[in-house]
Amino acid sequence: MSCALLLLLMSLALAMGTGAAVEVQRPRGVPLSKRQFYEENKPFTCLDGSSTIPFDRVNDDYCDCRDGSDEPGTAACPNGSFHCTNAGFRPAFIPSSRINDGICDCCDTTDEYNSGATCQNTCREMGRKERESLQIMAEITKEGFMLKQQLIHEAKRGQEDKRGKLTELQGSKKGLEGKVEALRTVKETAEDPEKEAKERHLKSWEEQKELIRMEKDKTRMAEAFLELDDDADGYVSVAELQSHLELDPDSDGSLTETETQGLLGGADKVDTSTFETVWSGIKDKYLSEGLSDPPAPVETPQEEETRDFVSDHDSDHYPEDYAGEEEDVEDDEEDDDHEEEEEEKVPPTAQTPEKREDDEVSMPSYDTETQSLIDAAQKARDDFDEAERALGEVDDQMKNLEKEIGFDFGPSAEFAYLYSQCYELSTSEYIYRLCPFNRVSQKPKFGGSETNLGLWGQWSGPEDNLYSVMKYDHGQGCWQGPNRSTTVKLTCGKETVVTSTSEPSRCEYLMEFTTPAVCQEPASLDEVLHEHTEL
């Protein structure tokens, strides 16, 4: 039955109830559903069974029953209730204390029958407005439910597509796994000769460097021998070697004759062939005479006297302040001289000042055969890496599909269309963003960082309507408070939109969200009429 016809029949039923219904006689304030308990000319038994009284004591403005059931139409019992018939609108109950209190609570004015209050019956107008509202809601529900059926159909087709894609990826994965293993073998096979060729090249280069180093060391030894052999007699003596203080074994600033003999292997002098053994022990400290700094000039006593005389003589012609400045300059110069002397006393480092030329010589390029092996191995590595990347991408796609297929999108997967989507609501201060099944966030409208209001938790509606509420928790922590969380209440609507946000409690947010996915099938005629039978 169409919704429009349903509403038409509902309206006719209401009109018939208000215009042609027969008034069933019963005591004031008694609902039709309890008429059988109030029979005239028969004793009345309190509805809680506490006592039985003559019927004429019903509505006599005196409370006889503990449950107040004997005074449904008066304010005598504090726990009594009055039934408003409200013909043309919905019936209602009000507390007995509101009877004849001068305020119109029932739209049909029946609660103020003896107060003198001027009341106007508004039931028909309220009924009309409610019927209009019900009609609008019925249309929304109808359209929303139709959209929901489309969503379910699309979700079913989407699930089938995803399962098909997953099956396809599973086949691709097997092929890629085989390819990766084959390329791994190719790579390892290509890397073995590459490694051997590189090792041969490096070994050859190390041997060449060692030959170069030995030749340079031999040349340097010969030069050192000639430098040390001051008298050119073909020997290096203790006296000749003793001038090289950098060779001092104990670094005390002096090289004794005994220490020098020790450097010469206990001999007083050595020739060229024996010097080779000596050289191995001193070459790391030895400083070539050509690189050593010249000694600082030594002033003679006469120069010192002349300088002192000039200084004393000149100071008589200058004011004291200028003399003081000269003294400061002299002090500075003395300090500089002192620092230079200290620098001269610093023992030389073990590393020779000459730059090791063999360290600067780069390894020669690979020969053609070795380079070919390197290129082949690198291509095998590139092919293997590319296959591994492709396998990793397939794995990621499969995991995402398996997660989406196994997700709880509702009884018929009607909420699946919300996955990977986000919806925003802009207020005067913030932009709220809801990404269903992912997270909720809040961002200041005029600059500032985004705040996480919660991550997807679970469906948390009541047992009979589980999919009406979403819960997002473990959001960003509040200052000296709990982590933020958001409850999202879903209502039926033709559009998918965030309608409102609020913060009922500190750090706990409430969001209203409309979606056709929660729209239920429109009520049947019997269900609609059931709510409007008692007029």
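Placement of Cβ uses the backbone N, Cα and C atoms for every residue, glycine included.
Just so you know, TrEMBL annotations are computer predictions that nobody has curated.
Panel annotation: around the coiled coil (377-404), residues 162, 165-166, 169-170, 172-173, 176-177, 179-180, 183-184, 186-187, 189-191, 193-194, 419 of the same chain, lying at least six beyond its termini, place a Cβ under 8 Å from a Cβ of the stretch. Annotated coiled coil per TrEMBL: 377-404, in sequence order.
Taken from TrEMBL, the feature compositional bias 'Basic and acidic residues' applies to 307-320.
Summarising the annotation, TrEMBL assigns compositional bias 'Acidic residues' to 322-344.
According to TrEMBL, the feature domain 'EF-hand' maps to 216-251. Averaged across the domain 'EF-hand' (216-251), the predicted model reaches a pLDDT of 85.
For 420-521, the entry in TrEMBL reads domain 'MRH'.
Here TrEMBL flags 245-268 (among others) as region 'Disordered'.
Residues or ranges marked as region 'Disordered' in TrEMBL: 286-368 (among others).
Feature annotation from TrEMBL assigns signal peptide to 1-20.
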Legend entry - Three-state composition of the domain 'EF-hand' (216-251), taking helix and strand from DSSP: 20 helix, 2 strand, 14 coil
Legend entry - For the domain 'EF-hand' (216-251), sequence-distant contacts whose Cβ falls under 8 Å of one of its Cβ atoms, 6 or more beyond its ends: 257, 259-264, 268-272, 275-276, 278-279, 282-283, 285-290, 347-348, 357-358
Legend entry - DSSP helix/strand/coil residue counts for the domain 'MRH' (420-521): 9 helix, 57 strand, 36 coil
